[in-house]
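> For reference, the structure I am asking about is given below.
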């Protein structure tokens, strides 16, 4: 072997090793992000033990215990006589059971020695990690799709009017600037290319953010056994599989992945009522891709059809959902998209069959036939009251200043509008990075898959702005967009080290090493344009009339005019040094912000890890920390000192805990389905003693009243009076019951 061949072999061997180290380093960061996301959710468990938090989680826990003890058949037939006495509640047909089934399956197949209580306490932490991974997977699929062939990868070239301005003004300006840079410095300074997108880097940065961002922590703290703790994972899995479906290579894989996406959507439906957001978002994205022609129609048809048929069919098997996917006005939009896509496919089939007839006549005939068949059916169903109205909560999201009419809902802090301070509190500086990342997707990475991020980002911002509780929806997309921004900055900086040959996980998985310098001498300057707006390297171009024009074949003969060697293609050493130096400077300058973000996340995690059922105080004389466990002691007393059929009257806040811990019958709880019943309870608790006793003795055997502390029942009594007055008019002289409030001493 000659010396020359030996050196070449060593160089080729070194690159795979360096790539492997690079990829391994980022995968290790992903593992670290998962560990961090798990540990940050265990503050409450480490400090207070395996205790369920708040009020609603106790109902969820009690339902999980019932499912484990009685099985699925009895669970769906369960009528709970211990709640909402004397009315009761049909729990089996009014609950989203996904979280309970998940807990029972974990006990059956994974942790049989654990109690249901312990599993319920750890579910939020476990699924916090899974939500982090599924969000990172969504980011990876979206960003990696930028490297796939596509006719357009910028929203600016998709919109008809904007595309003309882009093609006539922005693109020539961009090319002129890049040409000037190359002439003056010998490099285009690493202007963002659509080749070899930083998918792995973006996914890792997304996981590092999503794992600890406060907006996600709010619903995934250990002990907080609430629906959203599982639903966030289910939602991101639904989005991930849907985006993956649009990235499929052929129609067969589109059908398979569409069915998988339908199954993950079914799990989302089973877990949380927020599934309405998921189905509408996917339906809107399918319409977006269809109108802008960002994907082959047949690919979109098979993807959405398989998803919608499987997902909706399975969703309708859940008792609380039933026929609402094709009855509720809130979900008729995705159904309309489904019908529209079927009509378009029917047009295409008819066009192929009747080739001798003008295609517009065929299309008109199909539309007319469908209209004649559908119109009588729709009119009949509408007149029969088949379609349900839009719920008051959803209506309040779209109509400014709309109240639900229920003081219980309107007064809840979670249902108020979000402020700019709330965004910074729950997203920190991520709220400033996310719009930049969304801009990157819009300008240089708008593919059929990644365009979902644009729809997701706009929708999440809109709904979280209307209701602060829904800021949970903004956590994943904010993490993804911020991760994309950081990844592109990282890729530009490390380009000073790797040049154009930055390691790629996608290339390694496909057993190909990415190398953009393959036969670059045979490509003309215009065809080798690494545009950050359009993609001249792949797909087809559009002519002046919007029709696709096939690209000219690249000559295999080298072009003498624009021949480029590897050395000329690479950046000069001083430019590489500048890019690395900028990266080091950004790292040093950004380190305080990163530390502040990390500290803020852990600080908020610690603050929200204090369960309301157990509190800690400090002895003013000795300074000793005292654990105040009065709530549970009171419930234990009721459990041990009262008859099993005893009826306990208390404000609805405590209903779930009374039935869950004391195992006694309550008058009302957090389900708040019967406003009049709660108003009667408020009238009893705030009315004159003799009048209240005459009513209460028919409903309850014991009355539980909390006294002492700023949040006791005395402090809540003005609110109780307002709710009572909303049904029993005349209890107060005016709706706010301000006179009653002034008469209460705190």
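A Cβ is built for glycine as well, from the same backbone N, Cα and C atoms used for every other residue.
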> I'm validating the feature mapping. Which of 119-143, 144-168, 169-193, 394-418 is tagged transmembrane segment in TrEMBL?
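Result: 119-143 is the stretch TrEMBL calls transmembrane segment.
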> Please find, within the list 71-98, 239-266, 519-546, 547-574, the residue stretch that TrEMBL describes as transmembrane segment.
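Result: 239-266 is the stretch TrEMBL calls transmembrane segment.
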> According to TrEMBL, which stretch among 20-40, 41-61, 272-292 corresponds to the feature transmembrane segment?
272-292
> Where DSSP helix means H, G or I and strand means E or B, what are the helix, strand and coil counts for the domain 'STT3/PglB/AglB core' (648-702)?
31 helix, 5 strand, 19 coil
> Could you check whether the transmembrane segment (199-218) and the transmembrane segment (470-492) come into contact, where contact means at least 3 Cβ pairs under 8 Å with the two residues of each pair 6 or more apart in sequence?
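Touching, yes - the transmembrane segment (199-218) and the transmembrane segment (470-492) meet the threshold of 3 or more Cβ pairs under 8 Å.
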> Considering only Cβ pairs under 8 Å, which range in 304-326, 332-350, 470-492 makes the most contacts with the transmembrane segment (239-266)?
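Selected stretch: 304-326, with the most Cβ pairs under 8 Å.
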> If you count Cβ pairs under 8 Å, which stretch among 119-143, 304-326, 332-350, 362-382, 436-463 touches the transmembrane segment (272-292) the most?
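Comparing 119-143, 304-326, 332-350, 362-382, 436-463 against the transmembrane segment (272-292), the winner is 332-350.
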> Within the same chain, where does the transmembrane segment (470-492) have neighbours whose Cβ lies under 8 angstroms from its own Cβ atoms, ignoring anything closer than 6 residues to its ends? I mean 6 or more beyond.
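Distal contacts: 131, 135-136, 138-139, 142-143, 190, 192, 198-199, 201-210, 213, 215-216, 218-219, 228, 232, 235-236, 239, 274, 277, 418, 422-423, 426-427, 430-431, 433-438, 440-441, 445, 453, 456-457, 459-461, 463-464, 502, 579, 583, 586.
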> How does the domain 'Oligosaccharyl transferase STT3 N-terminal' (23-135) divide up by DSSP, counting helix, then strand, then coil residues?
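Going through the domain 'Oligosaccharyl transferase STT3 N-terminal' (23-135) residue by residue, I get 79 helix, 2 strand, 32 coil.
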